[in-house]
Amino acid sequence: MSQIALTIALPFLAAFLLPVIGRVYEALARVLGPLVLLYCLWLVLQLWGTGDGHPVALAMGGFRPPMGITLYVDRLALLFTLLVSLMTLLLWPWQRAADSRECALTLLLAGSASGLALSGDLFNIYVFYELVSVASFGLVAVHRSGAAFVATLRYLVISGFGTVLALTGIALVYSQTGTLNLAQLAQLAPDLLAGPVGLAGFLFMLLGFGVKGELFPVNTWVPEVYATAPARASALLAGLVSKLSLLVVLRLLVLLYQQEQALQLLLLLGVLGVISGELAAWRARDLKRMLAFSSIGQLGAMFIAFSIPGNAGLLAGLALALHHLLVKPALFLLAAGWPGAVERLRGLARGGPLAAGLFVLLALSLIGVPPLPGFWAKMLLVVGLAGQESGYLLALAVVLGAAVLEASYLFRVVAQLYHRDEEAARPRPYLLDLGSAALAGAVLLSAVPFISPLGDWLAGTAAQAGDREGYIITVFPAAGRPLYSAAGGGKPALAAAGPLPEPKP
Amino acid sequence: MTALDNLLLLALLTVLLLLAGRRLSSLGWYLTILFGAQFAGLLMMGALGYGAPPVPSSLHIGVMGQVMQWRFDALSWLFALITVGAGLTSSWYLAGDWGRHYRQRGGNLWLLQLALAVNVFSMLLLLASGDLLSLFIGWELVSWSAFLLMALNGADAMRAALRYITYAMAGAMAMMAGLGLVLHTAGSLQYADLAAAVPTLSSPQLWGLILLFGMGFGVKMGLLPLHLWQARAYSETPGPGASFLGAVSTRMGLWGLILVLVQLVGLVPIADLAIPYTFLDARELLMWVAALTIILPTYTALRQNDARMLLAWHGIGQGGYMLLGVLMGDAMGSAGGLMHAFNYATYQAPLFMAVYAVRYRTGTSDLNRLGGLVTRMPLSFLVMLVGIIGLAGLPPMNGFVSKWLIYRGLINDGQPLLFIAAVVGTFGTILSVYKLIHNTFLGQLRLEHVEVREAPWSMTVPMLLLSAVVFVTGYLPGLVLDWVAAAQQAVGLPVLVHTLGGVESPLGSLDMIWVSSLMFAGFGIGALLFYAGGNRSKAVHQLDNYAGGHFLSADVRYQYSDHFYAGLMRHIGPLYRNSFQWLEGALGTTVETLGAAMRAFYRQHHPAIYLLAVTTAGLIWVIL
Amino acid sequence: MSIGTLALELLLMPLVAFVVGLAMVLMLRRIGARIQRRVGPPLLQPLYDVVKLYGKQTQISHGIVHDIGIVMAVGGYIAAETLLPVPGMDGIAAKGGLITLVYVLMVPMLGLALGVGQCANPNGSIGISRALTAMLAYDIPFVIVVFGISWHYGTTDLTRIIALQQAAGPAGWGAAEMPLLAIAGLIALHASLGKQPFEIYVAPAEIATGPMVEMGGKYLGGLFVMQCFQLYTASVLYTTLFLGGGENWILFLLKIFAVVAIPMTLAYLFPRYRTEDLVRLLWKWPVLIGLVGLALVMR
């Protein structure tokens, strides 16, 4: 099981070696990245197959928690690690494979994203989060266009601000509890983090880690960046990285902050995100910008889902996240072939019927038309919200209203695509882009007959992720030591005596 | 494999064959035959008469803790009959010359046929739903299939279709919220569980249920104030598509309302919900919404100059009659409402077909540019005549029977104002349909239309068939009343006791066999008096006419068609305030403004300052 | 009732209607003459008019719908008479009712409208549009009356309405029990006859007699016959609803002639209203009176 750490280490290694190899063996440099990612993918699949579904805590370097670096591998983390490798592989910049910088940055992103998914303590999360940020700055600006530079600068400013906030939050938490290990924090949180200082810590960490998750109000970078970055970078950011930020917020909520004020704060920010995102998308005149705003709205809905107490909210949020992860990158890939304002898309369906058809399919799933998977995810959210009191009911009304707006502006685009009066000979989307989008569409359609087993599996995953007691017991079993140690090569470590370390006053 | 499974599979097979057979010529005829097979399958299922159990499907799907199932009861059967019948006649209409002409003008005929097949399939699936989850899925499928049908025709049609989809999504989202409400109050989405939980619902919850489902189904039905999308969207759909949508698509909303409000919730709890500060209760409020839906669209139709828009507006208005009838909850009124759904489909489809036949031959449906076509297109005139007599609700056609039942129900219920509203709607209809037939077929024949011939047989035969149905079901309303009574029983309404000719009751009887026979006997006597003694009348040309001493020539326009009801319009013209359109426009402007504000927010140049402010605010909130 | 009796009734009722209608037309013209200080036409003048019109040599037809329109106009009224009970003959009044009768009466109007339509003369079309507008106008108070009657007597069966009124005697007549509704009904009846001040749709000098502009010979004869039926039907309906029907033929004829005489007298005293003024008038006073009467009835 400890081989999971390879999914973090190998991409890093490859990223650092790539520029060097690129100068010597160019052919090898082209395929090194995909090979590494393929191996990581295979590794995760193997671990998944051999595992028994129970969460596992790994201590790196033999240091017991809460001192050392812990990796927590439950179904959710394993799923995300798989998705990281898979998505990065599918969204690999084949077109510009000669540019070793872009490949290196992508590998860096992959490695740090895996690390983010697997981390078991706050500082580790922070470090990997920063690494993801750095990688994404580079990826956004890699095509060196002026607009991209401006957008990256804005992204940098906001991300930097977010970093400061996150660090402050972590510091506040440390000052209250004296530890940064998530499992120990989970044990100490109900007593020590319930006060205003703890909540302030939550606020700061939420805003800090929420930058990538397009949380209102730290999401003003989103439209510019997604509109000017290369399509694959936008797809990776919108599809993958935002979900990792969600994962971090999920861990925070489940383990540290289960109190009502935290949920209310998240609900408020989520509602504001939905409102601002969808309304701005209505007015957008450029397709990629429209998709960016739509993404803000969708992520707002996910935050709303997480703010529902109990496992129902987690399940809804996860379902929405996975659906968005599938659909949004595909939409960005299609949009890459249709640059410019929506008006310029007139009549493009005639030249590219597959692309236009895919757009319609993806739009329908995004809006939530049964029997596509997007409908089931939305249904989970609606059912979860309907049972709560007034604030949640308002959020329900906002989410449903947002769906109406979405249908309206997405089908405005479809109307332009299928406009019959003009024959436009515009460039079609790049074949590989189209292929990846078609793959996404195929996965979407094939998931329809298997909704029920998928739903059950997700429910199990969500239940496992929401099980705070289980988390604590996994990391600190009753004997007071972790189950596996990386240095021991998979054998149980020697029994250690003594209770848990005392928290510093 | 039950009869329902066979029917649904046949409908699915139709869709798949159409998808595969794009290159086939005469695909339209194959489609017609397949629809005929579906119709036969439906008839073989039997009319599911009194007390017959619903026909289940063998498909069960469990998902998200709910079980989805499908079944047909007598109410579904009645509406399915209308659906498949409308599909059959529409595809027949487009199978021959009309389809060829459409393809020549650049239309995608295959897509139109596919859209028809998909619509019929999704409607059958909706009608067969056995629980609220499958109902919602079927509802969404129906909405989006209708969107496909409406959006086929290009620019104007797409705009109207986009407007439709915004309304439809709003309704669907309301319904989704309703589903959430049901799940949390009844615990499951099965019909029986909801019906059992209704007595335990609190007042706000019951209101929520009524409003959410009412809005969801009301959008499709075109109830005020959710009706603005319908007229333009239906009139821009290509020919047979318009006749199909008008006949049946709107009625899906009615079916949904009957299912949820009448069968599941029941009219008694709804009538018990009083609205504070008024003397109305929820049922009467809905009846008034239905009454306003009768009056306002009918008088809007009066002002239309395009025949298709006129008919589309009437479609909205007639839906109000159906809802009004059903909401009365007694035997006569509800039978009238249900029968009106059937009757309306039978005379509305040939009306649209006649208008499109005229449009096919002359190229226009603008009422100010037609006239005098009765001599050139007599069969279309006959069809339109039967259609407008049915639409106006005059004997001997079937529209009269359903309207009679509704009026009787209103009298029994003691609702004078609603009765007057219903009758005012009928008079508005009479005025407006006379204008339709006068401006199209009567009056002076234009010079450019002298060479016009009758519509081809592939178009006239389905029209005439439907007109025959209108006449026969008007003469023998008992045939349809059998189906209606079975549906009433399935829904839980009191059953109407009827005979083959109509209704016998101490409160007032109706025997259409006698009335219609005597009417035709009277016509016979009148003809006898007229033609007795040899027919010495001399046919004269239309230009041989009184013109105050002037000589008429063919280039002189001697037709009264524009501003047909000038006197009336001078009086009621100021009443047309377009309030609903203003409301819709205001809503749209609000959304635009908010959207612009949000975009400005995202474009700000110095986010850092703003973020600091937000963080500080957050801190304050946390500390307090 | 045997088939033979029924068939006899169905033949006799329109015939009686025609004869009495002719007499009413005569009374109409005599009243007009007296008011205008003339003598008026002789006794059989209306009959002579009908025979003259049918016997004319020049009969102009604009098409088959023109012919059928007149057939429908006359035939519709013939059918309507069988739904209207008279002393001794009920016809099929029990198989339709008040509502059916009102709707069957619209069929001749529709037939006339179709016939006029094919005449292809704008004067005719304008006349029909005004006639339909007037119908919309006067039918609103009429509908209020119909509702009130049906509600009060609990049925729409005309034979039962007559029986209930006759059982209670003159104090139980509709006019005595529902006076406001009776007044509203009388105004609606006057408007439905199409005489001044509500004859805008014929308006001889303005639109060349409107619907009748291209009607001559037996076409005009048919319209004349239709007018006879119209006078008869309106007065008999009013009598049935408000004056207790006919206990015997003498009283019956007295009542129906009295009912027609009132509007006819008023007609010759007034000029005509414009269309929108007609609509405005009929939608104001008769409706108000009718609604108040209805509220009193339903209390």
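Note: Cβ is positioned from N, Cα and C throughout, glycine not excepted.
Unlike curated entries, TrEMBL annotations are predicted automatically.
Sequence annotations record features per position, and here TrEMBL assigns transmembrane segment to A:6-25 (among others). When Cβ-Cβ distances below 8 Å are used as the criterion, the transmembrane segment (A:6-25) is approached by residues 32-33, 36-37, 39-40, 43-44, 81, 84-85, 100-101, 103-105, 107-108, 110-112, 114-115, 118 of the same chain, each at least six residues removed from its ends.
Among the features that TrEMBL reports, transmembrane segment is placed at A:69-91 (among others). Long-range contacts of the transmembrane segment (A:69-91) within the same chain, counting only residues at least 6 positions beyond its ends with a Cβ under 8 Å from a Cβ of the stretch, are 1, 4-5, 7, 34, 37-38, 40-41, 44-45, 47-48, 51, 53-61, 63, 106-107, 109-110, 113-114, 117-121, 124, 181-183, 232, 235-236, 239-240, 243-244, 247, 250, 318, 325, 329, 436, 439, 460-462, 464-465, 471, 474-475, 482.
Taken from TrEMBL, the feature transmembrane segment covers A:103-120 (among others). Away from its own ends, the transmembrane segment (A:103-120) comes close to residues 4-5, 7-12, 14-16, 18-19, 29, 32-33, 36-37, 40, 57, 65, 69-73, 77, 80-81, 84-85, 88, 92-93, 97, 127-129, 131-132, 134-136, 138-139, 142, 181-183, 236, 240-241, 244, 247-248, 475 of its chain (Cβ-Cβ under 8 Å, at least six residues beyond either end).
Here TrEMBL flags A:119-400 as domain 'NADH:quinone oxidoreductase/Mrp antiporter transmembrane'.
Summarising the annotation, TrEMBL assigns transmembrane segment to A:126-143 (among others).
Positions annotated as transmembrane segment by TrEMBL: A:155-174 (among others). Outside the transmembrane segment (A:155-174), and at least 6 residues removed from its termini, the chain residues within Cβ reach (under 8 Å) are 122-123, 126, 129-130, 133, 136-137, 140, 180, 185, 193, 197-198, 200-212, 218, 220-221, 224-225, 256.
Per TrEMBL, the feature transmembrane segment maps to A:194-212 (among others).
Per TrEMBL, the feature transmembrane segment maps to A:233-257 (among others).
What TrEMBL records for A:263-282 (among others) is transmembrane segment.
Feature annotation from TrEMBL assigns transmembrane segment to A:289-308 (among others).
Look at TrEMBL and you will find A:314-336 (among others) tagged as transmembrane segment. Using a Cβ-Cβ cut-off under 8 Å and counting only residues 6 or more beyond its ends in the same chain, the transmembrane segment (A:314-336) has close neighbours at 76, 83, 87, 91, 226, 230-232, 234-236, 238-240, 243, 246, 250, 254, 287-288, 291, 295, 298-299, 301-303, 305-306, 308, 355, 358-359, 362-363, 365-366, 373-374, 376-378, 380-381, 383-384, 429-430, 433-434, 436-437, 440-441, 443-444, 455, 458-459, 461-463, 465-466.
Counting only same-chain residues 6+ beyond the ends of the transmembrane segment (A:392-411), those with a CB under 8 A from a CB of the stretch are 267, 270-271, 274-275, 277-279, 281-282, 284, 290, 294, 297, 301, 304, 307-308, 363, 366-368, 378, 381-382, 385-386. Marked as transmembrane segment by TrEMBL: A:392-411 (among others).
Outside the transmembrane segment (A:431-451), and at least 6 residues removed from its termini, the chain residues within Cβ reach (under 8 Å) are 90-91, 94-95, 231, 326-327, 329-331, 333-334, 336-337, 354-355, 358, 361-362, 365, 371-373, 376. Per TrEMBL, the feature transmembrane segment maps to A:431-451 (among others).
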Beyond the flanks of the transmembrane segment (A:126-143) by at least 6 residues, Cβ under 8 Å: 99, 101-102, 105-106, 108-109, 111-113, 115-116, 119, 149, 151-152, 155-156, 159, 163, 166-167, 170, 209, 212, 225, 228-230, 233, 236-237, 241, 244-245, 248
Positions on the same chain near the transmembrane segment (A:289-308), where near means CB under 8 A and six or more residues out: 213-216, 219, 222-223, 225-227, 234, 238, 242, 246, 249-250, 253, 263-264, 266-267, 269-278, 280-281, 314, 316-317, 320-321, 324, 328, 331-332, 335, 342, 366, 380-381, 384-385, 388, 392, 395, 399, 402, 406, 409-410, 413
Positions whose Cβ lies under 8 angstroms from the transmembrane segment (A:194-212), at least six residues beyond its ends: 125, 129, 132-133, 136, 158-159, 161-170, 172-173, 175-176, 218-219, 221, 237, 241-242, 244-245, 248-249, 252, 256-257, 259, 261-262, 265-266, 269
